[in-house]
């Protein structure tokens, strides 16, 4: 299946919600510790045996930890940058005319960005400054800052059905549920005994959320009754960096880990691990599932490679 070599270490990969053959990858030099970054927009080839091709790329003075495609403009990308900035790019314009905007409010590294899939005019960012910020495309400053977490907020994700609801995952070992109409968080889930690196909502049941942790596990919660998880998924050998529910199947999700693997899960069955891919040779830190093509996966890692493959096939196969 198609592969792309990035100049720097991969950090995040996202399929376009508009074009089934397009995806973008965020990269950071020197494993994201110090140095430059890059944003690469890639195109899938007409045949699986051909490599991914680069449509356009943007260089940054600092590493990029995450990215999100706009749900309202097919060429707009938002980057979460290590210098605390949030940068907006128009992929239809040359690099000299980008970024369109650089939003500098976070006081530490911005670690995640998520575009609102229902309202389509706003997005949230989470940062190592322990906060989440809400933004809209038409304003140069954030609308609101959410500050309750006691440590880095590694991930924030909008609920797929409720326009005003999102979740945040933090190094303080909690997940918080927020409603932007409320003054504070509406729920605190003490999800793990170790740092929580990622959270994601189920796309078919708006009360189900998954958390990924340094404790090597993924836990699935029903927010209506969260004293205990409804499922605990063990199978990774090190911290789980990302978890993502399938846009096509209620019970499926994908994860990637510092154990260099990407795993596919069915959280409703006893033998939940339904696929393991070990194509990366360094930490696997970015993974996504295409909204437009059922079963199409992408991953990236510190081995400076991007893989795209169909679930059930070998990512390294020509």
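The first residue you see is number 1, and the count goes up from there.
Quick reminder: no glycine exception, Cβ is built from N, Cα and C everywhere.
Caution: TrEMBL annotation is automatic and unverified by curators.
Look at TrEMBL and you will find 152-265 tagged as domain 'EIPR1-like beta-propeller'.
What TrEMBL lists as repeat 'WD' is 103-145 (among others). The DSSP breakdown of the repeat 'WD' (103-145) into helical (H, G, I), extended (E, B) and coil residues amounts to 0 helix, 21 strand, 22 coil.
Residues 108, 111-112, 114-119, 124-128, 130-134, 194-203, 206, 209, 211-212, 221, 223, 226 of the same chain sit 6 or more residues outside the repeat 'WD' (146-188) yet have a Cβ under 8 Å from a Cβ within it. Marked as repeat 'WD' by TrEMBL: 146-188 (among others).
Same-chain neighbours of the repeat 'WD' (189-231): 151, 154-162, 167-177, 237-247, 250, 253, 255, 257, 265, 267-268, 272, counting only residues six or more beyond its ends whose CB sits under 8 Å from a CB of the stretch. What TrEMBL records for 189-231 (among others) is repeat 'WD'.
The repeat 'WD' annotation in TrEMBL covers 233-266 (among others). Residues 195, 197-205, 210-220, 272-291, 294-295, 297, 299, 301, 311 of the same chain lie 6 or more positions beyond the ends of the repeat 'WD' (233-266) yet place their CB under 8 Å from a CB of it.
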Reported mean pLDDT - the domain 'EIPR1-like beta-propeller' (152-265):
97
Give the residue counts of the domain 'EIPR1-like beta-propeller' (152-265) per reduced DSSP state, in the order helix, strand, coil.
0 helix, 56 strand, 58 coil
